Amino acid sequence: MPLSYQHFRKLLLLDDEAGPLEEELPRLADEGLNRRVAEDLNLGNLNVSIPWTHKVGNFTGLYSSTVPVFNPEWQTPSFPNIHLQEDIINRCQQYVGPLTVNEKRRLKLIMPARFYPNLTKYLPLDKGIKPYYPEHAVNHYFKTRHYLHTLWQAGILYKRETTRSASFCGSPYSWEQELQHGRLVFQTSTRHGDESFCSQSSGILSRSPVGPCVRSQLKQSRLGLQPQQGSLARGKSGRSGSIRARVHPTTRRSFGVEPSGSGHIDNSASSASSCLHQSAVRKTAYSHLSTSKRQSSSGHAVELHNIPPSSARSQSEGPIFSCWWLQFRNSKPCSDYCLSHIVNLLEDWGPCTEHGEHNIRIPRTPARVTGGVFLVDKNPHNTTESRLVVDFSQFSRGSTHVSWPKFAVPNLQSLTNLLSSNLSWLSLDVSAAFYHIPLHPAAMPHLLVGSSGLPRYVARLSSTSRNINYQHGTMQDLHDSCSRNLYVSLLLLYKTFGRKLHLYSHPIILGFRKIPMGVGLSPFLLAQFTSAICSVVRRAFPHCLAFSYMDDVVLGAKSVQHLESLFTSVTNFLLSLGIHLNPNKTKRWGYSLNFMGYVIGSWGTLPQEHIVLKIKQCFRKLPVNRPIDWKVCQRIVGLLGFAAPFTQCGYPALMPLYACIQSKQAFTFSPTYKAFLCQQYLHLYPVARQRSGLCQVFADATPTGWGLAIGHRRMRGTFVAPLPIHTAELLAACFARSRSGAKLIGTDNSVVLSRKYTSFPWLLGCAANWILRGTSFVYVPSALNPADDPSRGRLGLYRPLLRLPFQPTTGRTSLYAVSPSVPSHLPDRVHFASPLHVAWKPP
């Protein structure tokens with residue numbers, strides 16, 4: 001007769017009318033009983049002949065691929081101009097006084113962050129943008145390319161210009177400025193234009209047709225064409241000094257950017273050298289078709305314009321363009337869907353490539369990528385914006401994988417001890433938290449993303465993919481990529497991106513300048529960074545609490561007025577460090593804080609409402625007597641495991657599921673086991689914070705007997721049959737709790753101390769978890785344990801009762817020291833930004 005749910009409850013001693021604990025509990029440790037119950041509940045029967053179920057509610061299991069959904073309306077999120085202050089340590093010290101060793105060490109880790117992989121695999125550019133959405137390939141290509149461009153403009157990526165140089169936007173850091181090579185350097189010298197151009201390889205104008213043309217003018221100017229020098233001098237508006245524009249005249253195709261030329265330029269002396277203007281000209285940056293502009297170290301923009309297309313000779317005379325897009329302009333349309341129709345929509349398609357404001361030298365970087373990118377929804381609640389997923393999983397795989405640093409994540413009890421209080425709470429949202437932390441340029445060659453350009457991408461996706469040679473293709477090859485699909489897609493995208501279509505159709509290689517999300521190093525660095533900042537804030541405001549986990553920062557204060565003034569001063573402090581907060585997402589929680597999926601109040605901690613709802617839905621959909629694929633079980637256990645500490649029996653109740661996942665077998669829920677779990681999760685009990693106190697109750701056991709010391713009373717008992725020592729110690733602790741009701745129990749057994757009861761016989765683990773819920777344990781060495789003698793059957797000998805103090809732990813969670821009082825170098829009255837004295841009047 002199968003075990004009914006009522007009977008099972010009684011067996012687990014979850015009902016009040018159970019017999020004396022000393023008799024009932026040891027039975028649950030019996031292997032025979034555990035085996036019989038497992039058979040009754042169908043827990044052990046793992047090899048089943050019925051086909052497995054692969055979907056339960058929203059949980060999918062084996063052999064199911066979740067197809068990501070492409071949204072053609074995705075918006076690219078905007079990124080603020082994030083620049084974390086380089087002297088962050090000094091700024092913190094001005095704010096709070098000398099930093100602790102821990103804080104300094106953590107802040108030095110991220111200024112700048114460094115990345116040392118064991119081995120880097122380079123992938124061809126075709127793999128830069130993953131063909132994740134074959135139906136929307138072109139649309140996805142441009143949206144991703146636009147996202148990358150946005151990141152580059154926000155100073156989050158470097159753009160590879162040549163093998164050894166890169167450009168970026170935003171404010172440079174000192175470790176980026178040291179790399180002077182590759183700038184346009186203005187040197188003041190008395191000789192006037194003698195070495196007007198020094199041609200050194202720098203990669204600023206590499207591969208552009210301007211190179212040879214400028215050279216030819218130099219020869220002319222050396223031959224004494226004076227008017228030329230005059231114009232140069234005027235171009236500098238009278239500054240004496242020779243201009244060094246390091247021009248790289250190579251014809252070798254070092255990949256990275258396609259030439260920015262707009263066709264062949266003859267050696268007319270009018271084009272380049274008279275175009276060296278002051279930075280005022282920057283406004284007309286793209287007035288000509290191709291402009292390569294550079295910010296030089298003295299702040300002048302040096303621009304080399306090619307002649308505008310209007311005066312360019314007809315294409316038939318000159319050589320073929322190397323720009324795939326612009327070649328369509330002069331070719332005959334091959335059909336109604338020829339791309340030349342789109343290219344002829346605009347006269348001026350803008351530059352072929354854009355260059356950043358700053359140029360730096362980088363270690364040798366090949367024209368390859370090290371990870372692919374694709375777009376997904378920003379999060380389940382926000383499907384209008386996209387998020388870029390970067391796959392750098394190569395660094396976590398194989399024998400050469402990087403072992404990422406481990407860091408402490410606060411566990412539930414530590415979190416409760418720390419945050420369960422009667423404070424008012426608010427949480428701050430750090431916008432684009434990962435992109436705050438700068439990476440050293442030496443990491444760039446390992447973290448490359450990019451794309452091979454539209455023609456290669458389209459050719460790779462089309463079934464008739466020929467190996468087209470783009471260097472010297474014929475017009476026929478050019479039209480190979482024309483198709484109705486491409487035409488329609490580009491026409492729609494033209495509405496969104498306009499002339500940017502041209503820029504985005506070129507190949508590009510980008511390296512990360514700030515830490516990317518797809519690398520195991522990033523969460524570690526972010527956790528170090530925010531915990532150090534919170535540590536500083538806690539010391540600046542000793543009467544308040546600041547705590548963070550990754551990019552989630554919470555502030556707590558005694559009253560709402562305190563909290564508001566704390567909020568103002570902390571926000572200003574964070575902004576002064578260059579940390580960007582998202583003011584729209586600041587949440588005020590009142591007295592119950594929502595953090596890391598929990599609700600934490602003065603009464604303790606519970607899971608958030610949306611998780612409780614998910615669990616209810618999960619049980620509603622859970623089939624009975626049908627084998628469920630272990631992958632689905634994994635997902636179910638993930639959800640239930642999060643809320644397990646809030647149930648009567650805790651994790652031990654899920655042990656049968658864990659066992660089936662480990663053996664990769666299907667699991668069949670019997671009606672009784674499902675009803676048992678259902679009841680467990682219907683009534684959730686808060687996890688309360690531990691209180692400090694003196695331990696007065698001690699438990700000890702031998703394999704044959706148990707002993708307790710409760711105050712000055714001593715008790716002992718024997719087991720019917722000898723038990724494993726850990727089991728005996730656990731039973732003794734349960735007896736101590738039920739006899740004395742004490743929340744603090746001294747024990748000398750490390751397994752009992754750890755409060756992980758998953759390795760005990762299943763029924764005993766479940767029952768013990770309920771009996772010992774909310775109990776704190778103190779370690780007492782065996783030699784000093786007052787319960788040691790009674791457990792050996794000696795009641796007459798009294799060891800003196802220990803005074804064992806118990807301090808609740810906050811684990812290794814980034815709280816270094818108890819916050820000291822405000823450092824002494826501040827004025828004695830009160831810190832200017834302190835909300836401590838709301839009604840403070842000057843003396």
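Counting begins at 1 with the first residue displayed.
The backbone N, Cα and C atoms fix where each Cβ goes, glycine too.
Given the structure is predicted, the values throughout are model-derived calculations rather than measurements.
Under the DSSP three-state reduction, D551 (Mg(2+) binding site) is assigned to coil, being neither helix nor strand. Feature annotation from Swiss-Prot assigns Mg(2+) binding site to D429, D551, D552; the stated evidence is sequence analysis.
The compositional bias 'Polar residues' annotation in Swiss-Prot covers 290-299.
Swiss-Prot lists 357-600 with the feature domain 'Reverse transcriptase', giving sequence analysis as the kind of evidence.
For 1-177, the entry in Swiss-Prot reads region 'Terminal protein domain (TP)', with the evidence type sequence analysis.
The region 'Spacer' annotation in Swiss-Prot covers 178-346, and the record cites sequence analysis as its basis.
Positions annotated as region 'Disordered' by Swiss-Prot: 218-243 (among others).
Sequence annotations record features per position, and here Swiss-Prot assigns region 'Disordered' to 290-316 (among others).
Sequence annotations record features per position, and here Swiss-Prot assigns region 'Polymerase/reverse transcriptase domain (RT)' to 347-690 based on sequence analysis.
Within 8 Å of the centroid of the Cβ atoms of D429, D551, D552, where the record puts Mg(2+), the same chain has further Cβ atoms from S427, L428, V430, A433, S548, M550, V553. Sequence-distant contacts of D551 (Mg(2+) binding site), defined as residues of its own chain at least six apart whose C-beta falls under 8 angstroms from its C-beta, comprise D429, V430, A433, F434, L526, T530. On the 0 to 100 pLDDT scale, the region 'Polymerase/reverse transcriptase domain (RT)' (347-690) averages 86 in the predicted structure. All protein chains shown were included, and the count of other CB atoms within 10 Å of the CB of D552 (Mg(2+) binding site) stands at 16.
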